[in-house]
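Sequence annotations record features per position, and here Swiss-Prot assigns ATP binding site to T65, P66, F67, G68, E69, G70, K71, T72.
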Amino acid sequence: MLTDIEISRQASLQPIESIATAFGILPHELSPYGRTKAKVDLAITNRIKDNKHGKLVIVTAVTPTPFGEGKTVTSIGLTQGLQAIGKKSCACIRQPSMGPVFGIKGGAAGGGLAQVVPMEDLNLHLTGDIHAVTSAHNLAAAAIDARLYHEQRLGCEAFREQSGLAPLDIDPEKILWRRVVDQNERSLRTITVGLGEVNGPVHQGGFDISAASELMAILALSRDLKDLRARIGRIVLAQNKQGDYISAEDLGVAGAMTAIMSQAISPTLMQTLSGAPCLIHAGPFANIAHGNSSIIADDIALRLADIVVTEGGFGSDMGFEKFCNIKTRQSGNAPDAAVLVVTVKALKSHNPDAGSEMDKLAAGYANLSWHISNVAKYGLPLVVAINRFAEDTQEELEWLKARVLQEGVFACEVCEAFTQGAEGAMALARAVVRATEQPSQFRYLYETKQSIEAKLLTIAEAGYGANGISLSDTAKAQLAQLQRQGFDKLALCIAKTPMSVSHDPKLKGAPQGFELPIAELKLNAGAGFITALVGKVMTMPGLGIRPGYLNIDIDERGEITGLA
């Protein structure tokens, strides 16, 4: 079979204007970036606001292996399958970060015959939204250090007289806003800023990957430009020497940050290999952020399509949980059904020494059972999609499907979208249509009015199967500060490893009885949630020993090779 990029390059693509017209987007609501992608103007929302509201399907997965289990392949394949059975469908996915593209995981355009194309456009830059997030974020970092430098250089009163601004009295030891870059770069996790006599007071800093920026979460959760501006103004950047929070509005940088992101607020329209529309917007990671594409993209798609397919990053303990408890709270768009993607290889990875291949599959089934139970907590009709790989045997697939159906899920189908495209996902599509016609009893896992500790305990015990939580001294102090400043009624975003339903990547299957260690609590006032860093989670990934960039090149005709 051809590689993903070879398939993408050989595809017969429609002009993006044709995709838009068929989907219901008018010419003046489109700003093309070349022939195959375009920004969708937010003015469309007023025109379509009274259209019938479509059905929303959230795609999630079991605990993944490092290379992923084909959740995006299944999402794109399902969208194509829905189109093939006569449903007007649209996929809403995140913009890939270039960190994983050049690292081990590769791109996030799907794969095989279930791709968003051109895949190289999607995986490299797209329409520049991540660059806008990065620039706006780092402007705030520069503004903090500049203010700190000038106030310390002049003294508060002289600064007030010369600048006409009120001193902020920033505590250099309590700057909360790190810098970001869209790369995996472990050497930047901890840095020293301000070295040299004229470069400002020396203090510790660091870089996160751009997908971890609060601005990325804000982009994904904003309803319009006005909301984006207000949220950016609420971002907490630092504390003053009295312990009070300093916001982007206080620093006077919120307007400029929003101006940088003014084009990024519009989603990008692309197409799948079968010509189905796909809206790409925002790219927060699910392990260190909330892991879902934008509310704006969903809102547009739901007023134009019969069924909208979106996905949450990693397993159901990660992006799906945050979709339900963070995104849905803010959007008001409750899902109508869920699809849980599983692979034979993922289940085998939980017990690789169990004996025969069937023994490994049976031993690893506990992980799938855990995720089925987890989705059930939210009251959604569930379809399990077995994403077939070439090495899967018929015996394994039949055993797995029969076992899944014993769990009481709505349906279970084998998906072969990777090798067959729309045709390989039609059975899944029909099952999903039937699932969306069932009554949904969607519910949240916790109420935001609970205390921070109570919410943490609920997520740990009901969400992960833990036996309680522990808070570090740092987390305890931060919790007290959040309560004191009135931020204790926000939703929670757990940042943890995606390789286990626990905090420990070595705990495979369906671990129980562990204590969830809360290392740090970080306020994301603009995004509207508190991030709890659990265990040893990193907000800046590193490159592996054989990174993906080693395979990537470009020839004299401008054709990229080796992009996965």
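Just so you know, glycine gets a Cβ as well, placed from its N, Cα and C.
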Legend entry - Check: same-chain CB within 8 A of ATP site center, minus T65, P66, F67, G68, E69, G70, K71, T72: A61, P64, K105, T343, A346
Legend entry - Intrachain C-beta neighbours of K71 (ATP binding site), sequence separation six or more, cut-off 8 angstroms: V59, T60, A61, P64, E311, V341
Inset, instruction - Would you count the other C-beta atoms found within 10 angstroms of the C-beta of E69 (ATP binding site) for me? - result: 24
Legend entry - Chain-internal residues, separated by at least six, CB under 8 A from G70 (ATP binding site): G111, V341, T343, N387, F418
Legend entry - Lowest local Cβ density among T65, T72, which the record lists as binding-site residues, within 10 Å: T65
Legend entry - Nonlocal residues around P66 (ATP binding site), in sequence order (Cβ under 8 Å, 6 or more apart): I104, K105, M499
Inset, instruction - Give the helix, strand or coil assignment DSSP yields for T72 (ATP binding site). - result: helix
